[in-house]
Amino acid sequence: MSSYISLLKPRVIWLLILASVAGYIYGGGGVDSRLFSLLAVAFLSTGGSAAFNHYWERDIDALMTRTFKRPLPSGLITPNAALAYSLALSATGISLGFLLLGLLPGLFVLLGWLFYAVVYTIVLKRRTWLNIFGGGFAGNAVFLGGYALAKGTVDLPAVLISFAIYLWIPSHIWALAFKYRGDYKRAGVPMLPALIKEERAVAVISAINAAAAAYILWLYLQFGGGAGGALVALGVAATIATSIYAAVKKTEEAMWKMYKASSPILALFLIALILSRL
């Protein structure tokens, strides 16, 4: 059972589920039956797409020290079982998205699945370093789906807020990929840190990381408010400080500190948005 749970990538999808909840609460929703329906749909659809990613990438996972112990390369789950599991979860989540949430939220559920499972995993990841920019729209979709459920529509503030997720993803993934760039080279996956010189990679990733933090701060000043501002300030300060530190030091240790210190900023921002509406 634990192997099947790990296929869902719980350490990843919880943030996407939080984004859908933040979208719903920020859009005017409350703690009601629709919220619980949204939680179920978000869990099934994001978990299903994560499990499909495990299935599709089982060959490259076997070549990487970070992933070779995952259930498929280690033989704990067969490819056919993983595929059936992922498609069952995905189909259930997407179907319930339309049935329980409605047409527009259901459409965002479908788009989120397609951007991650198809655009990122199948089409782009092994072909171009731009893969992360295609898959990143899955993050926009989960927030917008929750917002559309509450509001009945999507407006400019919602779109702008959703891009906080989109901008956070590249620096977060690339900072992790920087540490394991040897793995990506060995597996033939064109992640940016595995393609360019280390110093240039550090400069690019730390700059994007700081820019994402500045954008999150601007968003909260424009559209947030209340006690949650302290959470945002904490996340922004930690992210910008460690980004500058990484840019100056240009070492793997400094990059890892930046990765660890800046990882919580998106969750803090989403929680602050929720608090601003409670």
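Cβ from N, Cα, C; glycine included.
What Swiss-Prot lists as transmembrane segment is 12-32, 35-55, 76-96, 98-118, 129-149, 158-178, 199-221, 226-248, 255-275.
Within the same chain, residues 15, 18-19, 21-22, 25-26, 161, 164-165, 168, 171-172, 175-176, 178-179, 202, 205-206, 209, 212-213, 216, 219-220, 223-224, 226-229, 231-232, 234-236, 238-239, 241-243, 245-246 sit at least 6 positions outside the transmembrane segment (255-275) and bring their C-beta atoms closer than 8 Å to a C-beta of that stretch. For the transmembrane segment (35-55), same-chain residues at least 6 beyond its ends with a Cβ under 8 Å from one of its own Cβ atoms are 7-9, 12-13, 16-17, 20-21, 24-25, 29, 61, 70-72, 79, 82-83, 85-94, 96-97, 100-101, 105, 109, 112-113, 116-117, 121, 138, 142, 145-146, 149. Scored on C-beta pairs under 8 angstroms, the neighbour of the transmembrane segment (12-32) with the top count among 76-96, 158-178, 199-221 is 158-178.
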